[in-house]
Amino acid sequence: MNAMKIVPRPFPHVAGAVAALALVGAALAGCDKGRAVAPPAAAPEVAMVQARAAAADDVLTLPARAQAGQTAQVYARATGLVNTRLVDLGDRVRAGQVLATIAAPEIDQAVREAQAQALQAEADLTLARGNYERAAAMLRGQLISREDYSSRLGARDAAQAALDAARAQLSSARERQGFGSVRAPFDGVISARNIEQGDRVVGDTASATVPMFRIDALDPLRIAVDVPQSAALQVRPGLRAQVTFPELPGERFDAEVVRSAQRISEDAGGMRVELRLPNSGNRLPAGMVGQVRLQVPRAAPAAVLPLATVVQDGAVAKVAKVGKDERLRYVEVVLGRNLGNEIEVLSGVAAGDMVVLAPNALLAEGARVRVAAR
C-alpha cells in the first residue's frame, strides 16, 4: 500500500486578516509621513494706512461770555435829595452828560459864605495897598520911619495872602456845588438805575452800598475766554478770532486778542484771554454767552490718523508699525484732539508714516505679519 503525504494548508480567514492588518499599517504610516512635511501656517495679514499732515493752525473752540468794554458804578459825590433824574434804564448817554441833579442846601450856603469872604478879602487888600503906596511916597520924602513903611508893606502882603486863601476856599465850595450835577464818565448805556426823584443820597462811596447808576460801554465788547495750557504760548495779542452766538445762527463776528493774564489759573487750568469785539450800534448786549473760534499756530507739526489705528496700553497710547523684517513694532504716541473718526498725533508718528489699521489685540510685539496689498 502506498503511503500519502499530507501538506498542511493555512486557514483562509487567518490569511485575510493578516493582509488587512498590513494594509492598515501601510495607510497609517502614509498619514504620519504626510503630516511631517505639511507647510507652516501663513503669517496674519494686516492693512496699512498712511498718516497725513495736520493743518498748520490748531483750531480752538472755547466757550465765551461777552462783557461790557467798560463799566462804571456812578455814586453821588454830594449829600442831599435827588432833585431831577434825567435818564432811565437803557438810555444811551455821552461822556459828561448830566444824569441827575442833587439839591444840597449846605453846599449852596458854603458857596455863599466863601463868596462873601472873598469879597471882604478883596476890600482888605485894596485898603492895604493904598496904605502901602502912601507909606512908600512918605518914605521917599522922609516923612515916615522905615519901621512904619515895613509894617504897611507886611499888611499889604498879608491881605494878598488872605485873598488868595479866600479865593481857594470859594473855588473848593463851587467844585463841591458842581457835585450836585451827576455826570456820565464815558459814552455808554444806563444798565442799572437805582434812584428816583426825592431820594436822599450820601456823597461818600465808602458808606453808600448801592450806586445811583451803572453805565456800560458796549462798543467794543470784551470777550473773555480761558485758553488751555497746551495753546497758551501760541495765543498772543493781534491773533484773529470769530465769535458765534446760538441766538444768531449763521452769523460770525470778527474779534481780536488784545490782552492775556500771562498766568495759568490753578482753578480753571487755563489762561484768561480777552478779545475785542466791535459792536456797532450796540447790537449785542453785554452778558451774552457764545463760542470763540481761535486759529492758533502750532508749536510743532502734527499728524492725523484714523482713530482705529490707536491701541491703549494702560495709560499709554500706541500705534503699530511693520518693519523691513515684516515684524510688528508698537510705538508710543502723544495724542491731540479727537476729530471724530480721526485723531491728532502730536509725537511718535510723522506725516507719511505707515501704521497698521485696526491691529489685532492678539498680535504681540515682534510678531511676523504680512502687509495686505493696497
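Using N, Cα and C of the backbone, Cβ positions are placed for all residues, glycine too.
Feature annotations, reproduced from TrEMBL:
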DOMAIN    70-209  domain 'CzcB-like barrel-sandwich hybrid'
DOMAIN    223-295  domain 'CusB-like beta-barrel'
SIGNAL    1-29  signal peptide
DSSP-derived helix, strand and coil totals, residue by residue, for the domain 'CzcB-like barrel-sandwich hybrid' (70-209): 69 helix, 30 strand, 41 coil
The domain 'CusB-like beta-barrel' (223-295): DSSP-derived helix, strand, coil residue counts: 7 helix, 38 strand, 28 coil
